[in-house]
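Sequence annotations record features per position, and here TrEMBL assigns signal peptide to 1-20. As annotated by TrEMBL, disulfide bond applies to Cys30-Cys47. Positions annotated as domain 'Cupin type-1' by TrEMBL: 61-212. Residues or ranges marked as oxalate binding site by TrEMBL: Asn106, His111, Glu116. What TrEMBL records for His109, His111, Glu116, His158 is Mn(2+) binding site.
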Amino acid sequence: MKFLPISLLILALATAGALAYDPSPLQDICVATNDLESGVFVNGKFCKDPKQATADDFVFMGLRNPANTSNPLGSKVTQAFVQQFPGLNTLGISMARIDFAPGGLNPPHTHPRGTELLVVVEGTLLVGFVTSDQLNNTLFTKVLYKGDVFVFPIGLIHFQLNIGNTYALAFSGLSSQNPGLITIANAVFGAKAPISADVLTKAFQLDKKVVDHLEAQFWYDNN
């Protein structure tokens, strides 16, 4: 009996591994269940019968008007994700409108399931993202003006700050129907239930009184 060279076997296994994959998650968690009566969630959204679809399913009018930025952050994000725009289901794309008061901030956050492409429509924004420890948590930052475009790679912490004296507006496209959002300060100091103060004092090298103060704050969500 003839045997295949070991190099061909390795190549065959590698090819098989490349062709076999799991679908990317479209929500934070999706725990398997054997109970068909209570198992009502899928990875993403259920689909309407295509024969029942109308043109209205493929239009979203919620990004037309300026949003109210009278909040502690001075910014407001209006999402056009699959939750708001059902026609996006299975298409792997979504959008958001970001309104900024002068000095307004879209605080450090991450989208665990999507890369973000941002275009400035009005104003001047200081934007940036921080890489993982693979690149020593390097900050890439740039001042953007009207018409400029900047990309924030999937999963990396990023922010946008209006450094102008006037209102600013940006639109973002994201590479997922449900890219997810983790606002760093809210997640760390506003978690439900609270993260142990012992964990946070060591992680951030802070006095416990400072941690207690931060956890007692109301962490505004601008989405």
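Cβ atoms here come from the backbone N, Cα and C positions, even for glycine.
What TrEMBL says about a protein is an automatic prediction, not a curated fact.
Mean pLDDT across the domain 'Cupin type-1' (61-212) comes to 96 in this model. When the recorded positions Cys30, Cys47, His111 are screened for a C-alpha within 10 angstroms of the C-alpha of His158 (Mn(2+) binding site), the residues that qualify, in sequence order, are His111. With respect to their backbone Cα atoms, Asn106 (oxalate binding site) and Cys47 (disulfide bond) stand 33 Å from each other. Every protein chain considered, the tally of other Cβ atoms within 10 Å of the Cβ of His109 (Mn(2+) binding site) stands at 22. Look at the Cβ of each of the recorded positions Cys30, Glu116 and count the other Cβ atoms within 10 Å; the largest number goes with Glu116. Cα to Cα, His109 (Mn(2+) binding site) and Glu116 (oxalate binding site) are separated by 12 Å. In sequence order, Ala96, His109, Thr110, Leu118, Phe152, His158, Gln160, Ser172, Leu174, Pro179, Leu181 are the residues of the same chain, not among Asn106, His111, Glu116, whose CB sits within 8 A of the CB centroid for the oxalate site. Taking the Cα atom of each, Glu116 (oxalate binding site) and Cys47 (disulfide bond) are about 25 angstrom apart.
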